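One structure below.
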Amino acid sequence: MASLLPCNIPVLILLMIIPFMITAAQNPPSPGYYPGSRISTIGFDQGYRNLWGAQHQRVEQGSVTLWLDRSSGSGYKSLHPYQSGYLGADVKLQPGYTAGVITSFYLSNNEAHPGDHDEIDIEFLGTTPDKPYTLQTNVYIRGSGDRNIIGREMKFHLWFDPTQDFHNYAILWTPSEIIFLVDDVPIRRYPRKSDATFPLRPMWVYGSIWDASSWATEDGKYRADYNYQPFIGRYRNFKIGGCAAEGPASCRPPSASPSGSGGLSQQQQSGMEWVQRNYLVYDYCRDWKRDHTQTPEC
């Protein structure tokens with residue numbers, strides 16, 4: 001037995017190292033800077049109110065739970081419109097069969113500009129139990145809702161299971177760029193290349209859960225199945241840091257990077273590239289079926 005011991009030691013070491021290597025491979029490199037840590041957390045009632053589906057919304061200890069069943073979904077809206085800012089929340093999604101269901105956190109001015117509105121979206125596209133959730137990011141500029149919808153979708157899978165725990169999802173919107181973040185890791189940067197391709201009008205912050213069976217899951221292949229109701233979305237740790245539309249003109253939104261001058265640091269850029277290399281599943285700029293004369297930023 002003693003003669004076998006030296007041969008077994010490397011095997012034991014490998015058995016201890018391999019799980020660590022697998023875990024490390026699934027996590028993005030550290031961005032080195034966490035803009036959300038500079039924004040204070042507020043309770044739901046401090047920044048939001050019910051918008052619709054009040055009977056499908058429960059507020060407790062500063063958090064909010066929304067649910068969708070056969071009769072209704074639910075949504076909430078910020079108390080104020082914003083010109084820019086870091087706007088985020090922790091979200092936990094429903095496990096199991098959620099096809100056709102959208103759980104969202106987004107900015108919009110649709111109520112102020114119906115048929116001609118701007119929007120910045122984080123949408124979780126429901127799925128079947130054998131497939132992961134898809135996180136869809138999107139930017140609309142003056143036109144969704146008027147039969148001339150020009151979406152700018154980028155879709156991702158995640159490096160974790162979003163049904164197991166809360167994770168932070170945020171939009172950092174400044175006059176020069178939009179950055180989408182997951183746990184403060186940048187996953188997408190949309191720079192302002194022209195006024196025509198960038199949302200500049202004030203927007204409110206929304207969250208909602210609703211039935212989008214016609215398109216949400218594999219272009220409508222799988223629809224919401226209310227045998228699995230209720231479908232639940234949980235939100236907490238709300239962060240609003242930025243410039244209210246009615247605030248002083250001197251207000252400056254937070255920066256995504258430690259430099260304070262916008263853009264991303266090299267470390268943040270590396271993290272974003274890692275996410276896009278490993279988890280990006282759709283990019284509108286790379287879709288040859290799209291008419292890219294309508295998306296000149298590509």
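Glycine is no exception: its Cβ is also placed from the backbone N, Cα and C atoms.
Residues or ranges marked as signal peptide in TrEMBL: 1-25.
Residues or ranges marked as domain 'GH16' in TrEMBL: 23-235.
Positions annotated as active site, nucleophile by TrEMBL: Glu119.
Long-range Cβ proximity for Glu123 (active site, proton donor), meaning a same-chain Cβ under 8 A and a gap of 6 or more residues, is found for Ile102, Thr103, Ser104, Tyr106, Leu135, Gln136, Thr137, Asn138. Taken from TrEMBL, the feature active site, proton donor covers Glu123.
Annotated region 'Disordered' per TrEMBL: 249-270, in sequence order. Applying DSSP to the region 'Disordered' (249-270) sorts its residues as follows: 5 helix, 0 strand, 17 coil.
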